[in-house]
Structure formats: C-alpha cells, structure tokens
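Taken from TrEMBL as is:
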type     : residues  : note
ACT_SITE : B:ASP53   : active site, nucleophile
BINDING  : B:TYR111  : substrate binding site
DOMAIN   : B:6-104   : domain 'Pseudouridine synthase I TruA alpha/beta'
DOMAIN   : B:144-245 : domain 'Pseudouridine synthase I TruA alpha/beta'
There are 2 protein chains.
Amino acid sequence: MKRLKATIAYDGSGFAGYQVQPDSRTVQLELMKVLETIHKGKVVQVVASGRTDAKVHATGQVIHFDTELSIPISGWLKALNVLLPEDVRVHSIEEVDTSFHARYHTTGKTYRYKWDRSQIISPFTRSLMVHIKQPLDVEAMKKASQAIIGTHDFSSFCAANTAVVDKIRTVRRLDFEEHGNELHMVIEGTGFLYNMVRIIAGTLAEVGMGRRKAEELKKIVAAADRDAAGITAPAHGLYLENVMYKS
Amino acid sequence: MKRLKATIAYDGSGFAGYQVQPDSRTVQLELMKVLETIHKGKVVQVVASGRTDAKVHATGQVIHFDTELSIPISGWLKALNVLLPEDVRVHSIEEVDTSFHARYHTTGKTYRYKWDRSQIISPFTRSLMVHIKQPLDVEAMKKASQAIIGTHDFSSFCAANTAVVDKIRTVRRLDFEEHGNELHMVIEGTGFLYNMVRIIAGTLAEVGMGRRKAEELKKIVAAADRDAAGITAPAHGLYLENVMYKS
C-alpha cells in the first residue's frame, strides 16, 4: 500500500464546497469518482487538509489517498488530470510515508482574499473576486490588521454556531498586495476557525470603507464576541493558497 | 428621439452568442429585455457593430439604440448596469447623432485571441483562454503573420458556408503579446469575414506547434481556398476588443 499526497487547485464557482454532501457537486466527490474509476470500482477515501465552503477556491489544497496500484507518479498526474473535470486540476503528486496525514499534520495554512476595485465589475472575474466600488483606505486596513497578527482568542472572528471550544489561534502574517485594480489580503496562520478569514476580510473591508476605525480592531479582538466584528465577506473572494507540513 | 451609443463587455461563456435566436440566452436578448423594462414594456431595437459567436467574449463591443426617454447619461449607465446580468457590463454610453449606425459606420475592428501556455490548464481561466500545452515558437508565428498583414482575398480564412461574395479585406495590424504564460494575438482590420480571426489564430498556432512552416502562409493566402488553411481555433479564446468609427 502506498500513500500519495497531491496538491490541487479548483475554481469553487461550480461546487457546493469541498466536502461530500448529498445531491451536491463537490470537489471531494469528483476526486472520489475519478479514483474509483482508476481503481476499477473500488471506493478510495480522500482526505483533505480541511474543507472549503461553497464558491471558495483553492490554488494549493492538499489531499492524500492510499492505493495498491503500481502506477508511476507521472502517470498519476496525467490520469487524474485527464479524468477530472477542468475546474479541478492536480498540480503535483508525490509518494509520502504512510504515516502522513493531510489534515492532522498541517502546521499552517495560507489564504488569499481578493477584491476587485474597478469602477465597473469585470464580467470575466465576477466569480473570482469580490467587487467593491467605493475607494478603500488600504493604509487604514494595514494599520487595523496589526491587531489581528499574533496569538489571540479569535472568538470574534468565528461563525457563532461553531462547536470548537478552543478558539485560540496564531496569525503569523497578514499582508496586503495591490495589483492594479485588485487588492489581495494574504493571511498565514497555524489554523483557522470556521469563517475566520472571511470575517477578518469583511471587518478590514469595513475599515477600508471608513465604516470602522482602525483603532477599533484591538477592542473587537478583546471582546471575544462574534457580534463585535464586521460582516462575513463573500465566499467567492477566498482562496486556499498553501498548506504547510513539517518537512 | 435620441440615439445612444454604448460600449459593452461580456463574458461569452454563458451565451449562445450575441444575436437573438430562439430558445437561447444571447447578449442582444439580455439588452433588449432590460431596455424594454426601462421603456415600460415598449420594445427597443438594439444594433451592434456585428454579431459574435457562442462563447466569444467582448471587451469593447459597440451598440446603439434609440429612446424617447429623458434620462441623463450617467443615469443610463447606472440603470443598465443595475438591471443587466453581471456577465454583461456597460462601460460607457453617450448620445450620438441620429445618423450614427453601430454596424454600417464601422471603419475597423480589433480582436484579441488568448492562449494559455501553462503546463496544466488553469481552472480559473478555462473559459477565457485556449490552453496549448506544447511549446509555441512565437518567432515563427510572427514571421508567418507577415503574410496576413495587408489587403488580400481572405477566402482561405473564411468559413466555407459564407454567403459573402467580396472576400477582400485589409488587416492593418497583427501583433503578438506575451504576458507570462499567456500569448495574445492582436489583430486589427477594416472588417473580418465569418470565422476569419479564429482561422488565422488556428493556422498560426499550427505554425507555432511546428505543424506548418511560416513560409507556407503566403501560399495559403494565395490559394483563396478554406481547405488550404488550418483549423478554426476555439471560440472561447476570442475577444472583440475595439470597434472604430470615423471620428
């Protein structure tokens, strides 16, 4: 038995999210269908670093699965990309130790959140970025983001209905990048609570639009209360970019 | 009565082309539905610079229509973009002389054709560019393109079933642009025959892949025979970028 680790990208627009759920098109189901075909009808379990919600994209999601087949690595890459629908692509695949686990062994993740600041929304990227027409004060957003960086109880930035008890997480990096009309927030941390990146993005966007002051962020973090923070930014601006493991 | 000229963009992915046809989602139909709403049920004819095929995009299609309404120009831009689906956007609108005609008065058009040369197709741009994995000899494509520039009988580059008799057209400019993994062909001419840009793109791509020699292009033009040229490149790589009028 071999364990294979793959890095995959997907356009979340056509999916009800990563994880299998009844009567929905999901990334996991597409992967399982293809692996079942390759394994001549045998069901193969696929484990991802974590789920992503409906409309959320990935450029660097990591999965693992086990196989008894003796297909060379380059053959796996080719076979998966031939059989998968074009909105899911396998970028790399490698054999790993059978002790490797895509979910349990993560040491960090990077997400990217994309805003389109064009005056008129682009018809070509409307499912790939969130359009904000009004000018954003990026310097205020950067200033506000300083309160997020570090180890905190992130209860204010966690969907209220979450069962998780320990809401302490570490944000290692939170940067903004401007690419023409695009504004990206890049956030790296040890792990993220449910909707955490989208609530951070939504709250910082409110600062950018002048609806909140940068100075409020410290209080919002300290409140440890979802109602203290801003809106949950739309799913289609979010990208899972990188998953880290102990090397 | 006022005549309004508008420049519009659309993502062709969700359309059966520009022109109204039964039981299909078309750009013209979306425009007419919105104008009918604005005119409280009165049908308003929309004239475009020309039709575009299913899956073909536009960043600078031009249309005109007539109205009796006294809405200011900025109000028109807002109203149209609020009512239109997000895959069609109006970029600008202006009042023009009632003698202006979006189709009859064109003096030239610019099209762009986009190839994605990534090793693995991007799930995010799969409907916006044509993926060619094998390396393209761009210098050979540039050399071959010299035979296209100028005034020629373009019968070799016209869909065989066209009713048009005069197939003489002038290509004023044919450039290649490289943007990272993207290769763009930009072509400007007085007018284009049916499928002309896509057959030029398909033939030049065959030169790029080494399936034809750059030197063959002169003979292909001279043959004035559709069978002499290469394949019709896929629709989803094509963008109508600019329509020119006498100023």
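Even glycines carry a Cβ here, placed using N, Cα and C.
Automatic prediction, not curation, is the source of TrEMBL annotations.
Here the Cα atom of the residue listed as 'active site, nucleophile' is found 13 Å from that of B:TYR111 (substrate binding site). DSSP states for the domain 'Pseudouridine synthase I TruA alpha/beta' (B:6-104), grouped as helix (H, G, I), strand (E, B) and coil, give 26 helix, 27 strand, 46 coil. Helix, strand and coil content of the domain 'Pseudouridine synthase I TruA alpha/beta' (B:144-245), in residues and according to DSSP, is 32 helix, 32 strand, 38 coil. Across the domain 'Pseudouridine synthase I TruA alpha/beta' (B:144-245), the prediction's mean pLDDT works out to 96.
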